[in-house]
Amino acid sequence: MKRQAFSLLSRLNPWQQLLLSAVLVTLAAPAAAQLRAPGTRTQGIFTQQGSQSASQGSTVAPSQPMMGVPQPSSQPRSQLVDEVVAVVNNSVITRRELLDRADEIESQLRAAKREVPPRPDLLGEVLERLVMERVQTQAAQEAGIKVTDQEVDRAIESVAQQNKMSATELRSRVEASGMSWTKYRDELRKQVQVIRLREREVDSKVQVYDGEIDNYLAARNGGQAAASGPTEFNVAQILVRVPEDASDAQKAQLKTKAEGLLKQVQGGADFAELAKANSEAPEASQGGSLGFREIGRLPAVFANAVVDLQPGAVVPEVLESANGFHVVKLVSKRTAAAQPAASDRIAQTQVRHILIRTGPNMPEAEAKRQMATIRDRITHGVDFADAARRYSQDGSASQGGELGWVSPGELVPEFEQAMNRLRPGEISDPVVTQFGVHLIQVENRRETEVSPEKQRDFARAEVREQKLRAAYDDWVRQLRSAAYVEYRINRQR
C-alpha cells in the first residue's frame, strides 16, 4: 500500500489543493518509521509480520512533512509598512506574510497553467491556512517537542533529492528566492515538530480491529465490485465556541446565541452566509461546509443527528460538544463511486543494497562520499554482493545485501522511489533515508499472486489510513476551535 499524506485535500477544489501543496515534495520519514510495511516489526533493516498489537502501535509511518523550493519573489516587500492581519493566541500574522504566501501560490498556479482564483478568495484561503499552520506549530511547541539539527539536515537532503538537486543547489535556490537559509530550516523544523505532535496525539491512538479488516476485504473482494459505493454526507455547521474556563452563565449566553442562529436558519436565512458571518469553525469561509464524508468520518455528535435527515434539512436543535454549540445542516448526500475489486496480483521487485549508517561519528556527507567510492568500484568490476559483505552495516550484509522480493509500500519512500527508477541490473546513486546512506541495485521484477496474509496486511494499512485521515481532520478542527483567533481584516475582501 502506498503511504499517502492524509489531509484535508480531499475536500478542496483543485486550486485550493494547490494552495496547500504548491510545489511540495515528500521529506524523510520520521525515525520511528519502519523500512518495511505497516503492521510489521523491525529486525535490523529486515522485518517480519507482527501481531495485531504490534500493528496497532506506532509502527505505521505517519504522514510526512512537506516543503518546497521557494520561488523568486517578483515584488520584494522590504519597504512595505507591515501590519497585523490576524492574531493567533499569543502570536501574529502580518500582511507581508499573507501577501508573500499568496504570491507564491499564484505563481505556482500560473506555472502549472491553472486558473487563478479571484484575489480576495485566494487571500482568504491563504490567511486561513496560515492560521491553521500557526495553531499546530504553537501546540507542538507548547508540548515541548524538539527536533534536532540532524533531523532537519536529513529532511533538507530529501527535499534536494526530490527536486533532483544537491543540498548546495537547494540552498542557492532558497537564497535566490529571497528567503534566508536559516528561515528555511526553521520552517522545516516547525513542520517536523507538528508531525511529532500528530504522532503522539493522533497516530498512536488509532487502532484497527480484525472485524474492520474483515469488512474491508468483504467489500473489496466479494467476488465483484459493489454496484455502488457508500453514502456520503455533505454537512455544514455554525460553531459558537465555548471557552474551556467559561462559567455556567457564559455557557447559557452562548447557547442562547446558537439557538438564535438556529431560529434564523429555520426562518429562511441563508445558512452559508450566517456561517461566514458567525461561525468560529475553520470552514466558516466555505459557508460552514465540511465536504462530503462517509458517516463514519463525521464527528459522532453530527453523524447521529444527520443520518436520517433529508438533504436541505437542519437539525432541529442545537448540538453540544466539547468545542461549544453547533447549528448543523445536511446540505446534500450522494452515493460514492464503487471501489473496484482488489487485484489478486502485484508487481514485486527483487532488490539488494549496501548501507552506511550515519551518526555523530559518521556525518552524512562523509557517508555519501564513501558510498560514491564503493559505487565506482562496483561499476568497474567489483561484485555487488562482495561489496555488501565487506562494507554494508545492515543485517543483510552477510547475504550480500539481499532484501528479497518486496511489494509496493513495503519500503520507506526514499528507498522505494529510488528503487522504482531503476531497471534490472542498474545501481542507484547514494540514497539517504533515516537509516543512513544506501546503494541500491534492482535484480529483477515480477508479478505474483497476493497471499491472503498479504491481503490482510494491505487491508489493515488501508483501514488504518482511512481512520487516521478522519482522526486528523477532527484533531485539527479541535485545535482550531480551541485557539483564540482575531482577524484584523475581512477575510472576504
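Cβ coordinates come from backbone N, Cα and C, glycine included.
Annotated compositional bias 'Low complexity' per Swiss-Prot: 48-58, in sequence order. Annotated domain 'PpiC 1' per Swiss-Prot: 230-332, in sequence order. What Swiss-Prot records for 346-444 is domain 'PpiC 2'. Sequence annotations record features per position, and here Swiss-Prot assigns region 'Disordered' to 46-76. The feature signal peptide is assigned by Swiss-Prot to 1-33.
Across the residues of the domain 'PpiC 1' (230-332), the predicted structure has a mean pLDDT of 90. Per-class residue totals from DSSP over the domain 'PpiC 1' (230-332), listed helix then strand then coil: 42 helix, 30 strand, 31 coil. Counting residues per DSSP class in helix, strand and coil order gives 35 helix, 31 strand, 33 coil for the domain 'PpiC 2' (346-444).
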